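Novice: If you scroll down you'll find the structure; I have some questions about it.
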Amino acid sequence: RIRYKGIVCDRCGVEVTSSKVRRERMGHIELAAPVTHIWYFKGIPSRMGLILDMSPRSLEEIIYFASYVVINPGNTPLEKKQLITEAEYRQYQDQYGTDTFDAKMGAEAIKELLAEVDLEKHAKELKNELKDATGQKRTRAVRRLDIVEAFIQSGNKPEWMVMDVVPVIPPDLRPMVQLEGGRFATSDLNDLYRRVINRNNRLKRLLDLNAPGIIVQNEKRMLQEAVDALIDNGRRGRPVSGPGNRPLKSLSHLLKGKQGRFRQNLLGKRVDYSGRSVIDVGPFLKMNQMGLPRQMAVELFKPFIYNRLIELGTENGGANNLRSARRLVERHEDVVQDVLEEVVKEHPVLLNRAPTLHRLGIQAFEPVLVSGKAMRLHPLVTTAYNADFDGDQMAIHVPLSDEAQAEARLLMLAASHILAPKDGKPIVAPSQDMTIGNYYLTTEEAGIKGEGMIFSSADEVKMALQNHEVELHTRIGIAASSFDKAKPFTDHQRARIMVTTVGKVIFNEILPDDFPYINEPKSENFNGIDGRFFLDPGTDIVGWFKNESLNGPFKSGFLSDIIAQIYARYQVTRTSVLLDDMKDLGYNISTRSGLTVRMSDVTELPEKGEVLKEAHEKVAKITKQFRRGLLTDDERYIQVTQTWSDAQDKIKSMLIASFDSKNPIFMMSDSGARGNISNSFQLAGMRGLMAAPNGKVIELPVTANFREGLCVLEMFISTHGARKGMTDTALKTANSGYLTRRLVDVAQEVIVREEDCGTDRGLDVSAIMDGNEVIEPLYDRILGRYAMKPVIDPKTGEVIAKKNQMIDEHVADQIIDAGIQTVTIRSIFTCRTEHGVCVKCYGRNMATGDIVEVGEAVGTVAAQSIGEPGTQLTMRTFHTGGVALSEDITQGLPRVQEIFEARNPKGRAEISEVTGKVTSIEENPADRTKTVTIEGETDTREYVLPISARLRVAEGDEIHRSEAINEGPLDPKELIKVSSTLKTENYMLAEVRKVYRMQGVGIA
């Protein structure tokens, strides 16, 4: 029994009860005049408009007291729902008398009209109308029928869209807090409610006073606007603003968007047992470890520490109860640190870095306690997180239950995320220092200390290195028999001497015993070492070296290939061991290499002046021709920019030729550790042509490089590009994130539902081309997919792949070697599984390299894989200065959005609707168009194109239905009308692939 139940405070008349009711008891405001609900009137499509069959504009005039609406025409020539102005209303009253017809304004009028709607009858009429309606009329009828049937089903009445009462949310949900200095901070809702109450009370008073109609009308309109602002401020007219001209947040804003109730508080909550800190590199960590600062660990694992302290009991330095355990922790007793070590062991934690663009943005690690306040991250997982150590922060979460810990350990450990879900290539690969270390280690040099020495074992080689008898780059011989029995050497090879370098012997020690010895950076080496590297005992090895050219060092791409090979052959555990070894070796050797950069490493090009002189002379010639009127301004511009661009390329090739292979800057860019040729080119060559803010190329190039220094004008020209770079990055991130969200939204239901859908349709795939350039080779398209039909070698007639067999690397190689150009594979496009896809149509799971499992959320993975590289795509819509391509080419992210949204692309190509012959092409200079006539078997079509369109056909050419007449992107909506769904899907697929490949991003 509650003691104070039903007692009311005698001072202020408030019921005495628990404070919880402040969150649940609602109030209401009884309105003196009905008010329409803005969601139903202003929402798109307007629900009121559809029910009443009136335009939103007419409704607005009625609701906000601009026009009268006829409710009952009586025996006058007026029509029901006709709008009349104030003046017309007076005139009709004088003409027909005041009682003959009924017209009203405001929400009352709407309410009466809605109350008269007979839903059942309405639905019948609309169904009859649908039988013979077409086009716009039909669309509108369908929409109206949807709304009417929804009303019938829900049992709501249309007139309820007009409110007589406004509910008031509980006071704790719109709090008011006292600040120091006696002022109050309050929720915006209180202001909005106050406006409604004030206007409502004023209206009541005016009605009691029998005030003139126009004043009452004005007050009713103001009440309507106040309620609108309360429900959805800013939806109609200017938003009501509070202090500092800030629009007030209405009820709708509390729910809407990223900061709204749903996304902020229901889908994303702040959780306990989490923290965030700056990250720092932890080269001492193993692949599945992270360094956790002790301070954070004590806080994160508190309940576990308390539990363990109580288990220990006081006799072992622990505690008897929670209170004393808490005291021990607060006092930082030594026993707490010992317990912490125990608790943390084998308890995985999750690390997340925002923005989480793909599933590798959250991974599990085993914590290792470290001093300091920064969390330590393994250097190899930085790629997956897109993290660097310039002040990035990361969040950490502790899985509590046994199930959560098991899930983190089995599915999320960093060591098992070696391949990227987007293309199946290793995402953890050595970078920067580690790359340059392994590059330096595997470099060969001719004629240095100890060349031609022969050793009996790898240990002997390392001993000679320590004694400075040989160097890392020295070419030596080693007895092949000294290697492990498992090494795939033939008996003939084992009896001979293998030639290699000291560094490569050390590098090969980190590879598995039965993995081929890697001696040159070629993929053939993975199937066994080339026989030419084995010499008979007694051969003049020094003489052999003199005639043999040097093998290249292992660059970052090749290191990735090694990792992929190890993963394919030995699975996760061995790969993560290799990665750690590669990391340690890389750091060690790059430290020992003493690689530095100095000013004189930026080589100067003596020939540069000549090239620039030639270019200047050529530009002067072009300008002269323009002055004489031999060239148009556009032609002059194109030729000038082309001249400079050619000069740039010439200097670039000279620069590449002049680089010494020992030059540290060259080594950095060549190994793939940092920088690329265009960075070096700006340092030592010339900066080249720059773009103006409007995207047009400035025809005056920056001829200086950074080593010489830029003059003021050149520096100024360069700033455009820098500014564009910054703004682009900011815009790109937002756009790319939004694209990912929309993609996930549509694709999240696509799940692998069954083993085999039994479809009999496949997809013919061949290499995707763009002109003569291969965008994606056939190998990449068939790898990991199932064959729909048997693949037969055209030369021998043997079956390479049976029907429904998965095409793995070995089979794919055979198909390519047989010279086959097109393969029919099973594809998601032709899968017949309902609400998802089947295993056979999907194929291999990129992230594991195994066949996909039933239940895998492949839709979400695909959406993330497209969205994640989105930030690397450019935002550019190219503006070509001249008329050469007068349409702007949309590229990068905007192009991807254009394809997915199936919008009308910019500068689109016309598609032929008939198969036939091009009979004539006529230019009409007057209206700047050209007309292409195509004569089909049954009818002739004419296509009018802009005069600048570049045609794909000439007179007399044959053209097929659904082929493009001119250059440019196709409109998917047009394409699907004249061809099949499959062809359209294929076109969109190839186009998206093209955009990503042009930016050097692979998605499979």
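Positions of Cβ are set from backbone N, Cα and C atoms, glycine also.
Here the structure is a predicted model, which means the values were calculated and not measured.
Pulled the feature table from Swiss-Prot, pasting it below:
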| type | residues | note |
| --- | --- | --- |
| BINDING | Asp388, Asp390, Asp392 | Mg(2+) binding site |
| BINDING | Cys757, Cys831, Cys838, Cys841 | Zn(2+) binding site |
Novice: Minimum Cβ neighbour count within 10 Å among the binding-site residues Asp388, Asp390, Asp392: which residue?
Specialist: Asp390
Novice: In sequence order, which same-chain residues at least six apart have a C-beta under 8 angstroms from Cys841 (Zn(2+) binding site)?
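Specialist: Non-local contacts for Cys841 (Zn(2+) binding site): Cys757, Thr759, Tyr786, Arg826, Ser827, Ile828, Thr830, Cys831, Thr833.
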Novice: Within 10 Å of the Cβ of Cys831 (Zn(2+) binding site), how many other Cβ atoms can be counted across all chains shown?
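Specialist: Taking every protein chain into account, the count is 21.
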Novice: Between Asp388 (Mg(2+) binding site) and Cys838 (Zn(2+) binding site), how far is it from one CA atom to the other, in Å?
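Specialist: Given the Cα positions, Asp388 (Mg(2+) binding site) is 39 Å from Cys838 (Zn(2+) binding site).
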Novice: In whole Å, how far is Cys838 (Zn(2+) binding site) from Asp392 (Mg(2+) binding site) when you measure between their Cα atoms?
Specialist: 41
Novice: Could you tell me the C-alpha distance between Cys838 (Zn(2+) binding site) and Asp390 (Mg(2+) binding site) in angstrom, no decimals?
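Specialist: Spelling it out, the Cα of Cys838 (Zn(2+) binding site) and the Cα of Asp390 (Mg(2+) binding site) are 44 Å apart.
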Novice: Using the CB centroid of Cys757, Cys831, Cys838, Cys841 as the Zn(2+) site centre, which other residues of the same chain sit with their CB within 8 A?
Specialist: Glu754, Asp756, Thr759, Arg826, Ile828, Thr830, Arg832, Thr833, Val837, Val839, Lys840, Tyr842
Novice: Please name the residue among the binding-site residues Cys757, Cys838 whose C-beta has the most neighbouring C-beta atoms within 10 angstroms.
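Specialist: Ranked by Cβ atoms within 10 Å, first place goes to Cys838.
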Novice: Through the lens of DSSP with three states only, how would you label Asp392 (Mg(2+) binding site)?
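Specialist: Once the DSSP labels are grouped into three classes, Asp392 (Mg(2+) binding site) ends up as coil.
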Novice: Around the Mg(2+) site formed by Asp388, Asp390, Asp392, list the extra residues of the same chain whose Cβ is within 8 Å of the site's Cβ centroid.
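Specialist: Going along the sequence, the neighbours come out as Ile279, Ala387, Phe389, Gly391.
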